[in-house]
Amino acid sequence: MKKLFSYKLSFFVLAVILFWAKTYLSYKTEFNLGVKGTTQEILLIFNPFSSAVFFLGLALLAKGRKSAIIMLIIDFLMTFVLYANILFYRFFDDFLTFPNIKQSGNVGNMGDGIFSIMAGHDIFYFLDIIILIAVLIWRPELKEYKMKKRFASLVILSGIALFFINLHYAEKDRPQLLTRTFDRNYIVKYLGLYNYTIYDGVQTAQTETQRAYASSDDLTSVENYTTSHYAKPNAEYFGSAKGKNIIKIHLESFQSFLIDYKLNGEEVTPFLNKLAHGGEDVTYFDNFFHQTGQGKTSDAELTMDNSIFGLPEGSAFVTKGENTYQSLPAILDQKEGYTSAVLHGDYKSFWNRDQIYKHIGYDKFFDASTYDMSDENVINMGLKDKPFFTESIPKLESLKQPFYAHLITLTNHYPFNLDEKDASLKKATTGDNTVDSYFQTARYLDEALEQFFKELKEAGLYDNSVIMIYGDHNGISENHNRAMKEILGKEITDYQNAQNQRVPLMIRVPGKKGGVNHTYGGEIDVMPTLLHLEGIDSQKYINFGTDLFSKDHDDTVAFRNGDFVTPKYTSVDNIIYDTKTGEKLKANEETKNLKTRVNQQLSLSDSVLYKDLLRFHKLNDFKAVDPSDYHYGKEKEIK
């Protein structure tokens, strides 16, 4: 037993230690994983160890020298995965995915430049293999020893156990890590590069399977639905924004109850209140709801730019990032010659934006790397809203007009922290820190927005621009109902929670008078609304929403979980309420038909995403977006 440990097991232990060391060092030196806090650092140290024990432990099932050779082969394959990601990250500032490998638009674009991003110190990543080969040559006695399969199985099971311990603490630090899949960086940071590769492979296989069995016949029911639900444009508004810039402003986690709300007698959002009452000739939709699922912000982006719902689980931005889309920026480009851009104070890989934006057809993506991310400018998820808006002005000025620009704010994001010097409003006093802090960050966002309007005017961009402002999703979850009862002065029942899913939608169209519009609608309706304002008929495109200004608008608002709201009925968990009074009602033929329609709408939208059906939807005057035509940031710098 002593010799067994000395030779065979010591070779395994040496392989594990060397492999762990090079992987951990690569995490620290090659990748920008954004590790924060002790827990994340411990997990970063731990995750290469669990991977090494499991994968290298598989070789222990073989006998003698063959075991060591298999261990070397496994080590080499894992090193290949590591080094391929290192090179890819140096070029694209992102991790490899299986779709990347198949796409010439990403890996192929590296071309001869791959040699320019190799470095002399890269030999370090193969040093452990050289050491292990030397040990194998100089210690031939390895071939004499056999290990019991029971012991080898115990090692492998230990690797699996270590992974689940890793996963437990990762999920504790970042809930819904795998179901929502925020960012490839997060998966690598928490679970490791090798587990990320497996995860990506499984996700890709699932997507490819669904896609492989789809055909153009599957699109027929979708086309029938969208054709029958088409709402023709309102002549008063159709084409009223033609040729004008569109500036779409995303208010992070902003709910409509903040509009006109006073905290201790003081308005929380005085500028937005002014806009909501027709200031700057803004039209305010006060019965507008978010329709996001687990994908939250990414679902809102997807829905508003494509008029399709996010998925029932996870984020379509991540899992369906390679799909074909008939998006608003692509249509505006091909029909009216618009330049499109996203401006955001977070890094581009979050929510897989750097990949899916290429499939949506955004010409430019200004992420955190293009802004001043010094400590005084950053809080919570990224860049503070005031410097974000100020620094965005020259970026907007650089765009060829007309442009469609999407600006995504961040400061009003959970946990709603704010530096004391930036706070102009005292916190609420419910005792729930999340709710109490929410009002401070909402006020800061309101001030930043007012500043942005002034800066747009000073830059000469205001007069010729449609400005759309929207809240992406709720900021306060049901976990805070006690505090919200105190804030709103009413019990937060299931009915009231559904009403609380209202988020603001404000649209300023130059030359059109503003005011309050009581139409019921949701994020699914934004794309056809903007198309009609631009004078582009939405009828031939696959839209699950309808124009908010149309007299034929469908005012049934479907939530991602199958609940719904109309001006007359609210349905939560199949219980029907009167929308105006909250009184419980008995289900009737009308509510049953509404439920059937909502389920059909969600199901058909899911089918479009799961089966990538828009690749079959051919239009004479619309060309499918080619992602290889788009390049963002760092990947263009290497020649």
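Note that Cβ sites are derived from N, Cα and C of the backbone, with glycine treated the same way.
Here Swiss-Prot flags 25-41 (among others) as topological domain 'Extracellular', drawing on sequence analysis. Remark: secondary structure over the topological domain 'Extracellular' (25-41) totals 10 helix, 0 strand, 7 coil, with classes taken from DSSP.
Here Swiss-Prot flags 63-67 (among others) as topological domain 'Cytoplasmic'.
Here Swiss-Prot flags 89-116 (among others) as topological domain 'Extracellular', drawing on sequence analysis.
If you average pLDDT over the topological domain 'Cytoplasmic' (138-150) in this model, you get 64. For 138-150 (among others), the entry in Swiss-Prot reads topological domain 'Cytoplasmic'.
The annotation topological domain 'Extracellular' is assigned in Swiss-Prot to 172-639 (among others).
Here Swiss-Prot flags E252, T297, D472, H473 as Mn(2+) binding site. The Cβ of H473 (Mn(2+) binding site) has S253, H290, T292, K296, T297, D299, A300, V503 as same-chain neighbours under 8 Å, each 6 or more residues away in sequence.
Within 10 Å of the C-beta of T297 (Mn(2+) binding site) we count 25 further C-beta atoms, all protein chains included. As annotated by Swiss-Prot, active site applies to T297, with the evidence given as similarity to another entry.
Annotation comment: Swiss-Prot describes H413 as substrate binding site. For H413 (substrate binding site), the Cβ neighbour count at a 10 Å cut-off comes to 19, with all displayed protein chains included.
Calculated from their C-alpha atoms, the gap between H413 (substrate binding site) and D472 (Mn(2+) binding site) amounts to 11 Å. The Mn(2+) site is set by E252, T297, D472, H473; from the centre of their CB atoms, other residues of the chain with a CB within 8 Å are H250, L251, S253, F254, H290, T292, K296, A300, H413, G471.
Listed as Cβ neighbours of the topological domain 'Extracellular' (25-41) (distance under 8 Å, sequence separation of 6 or more from its ends, same chain) are residues 48, 82, 86, 89-90, 93, 124-125, 169, 172-173, 185, 188-190, 193, 347. Taken residue by residue with DSSP, E252 (Mn(2+) binding site) is part of neither helix nor strand, so it is coil. Under a cutoff of 8 A between CB atoms, and with a sequence separation of 6+ in the same chain, the neighbours of E252 (Mn(2+) binding site) are T297, I408, T409, L410, T411, N412, H413, L445, D472, G475.
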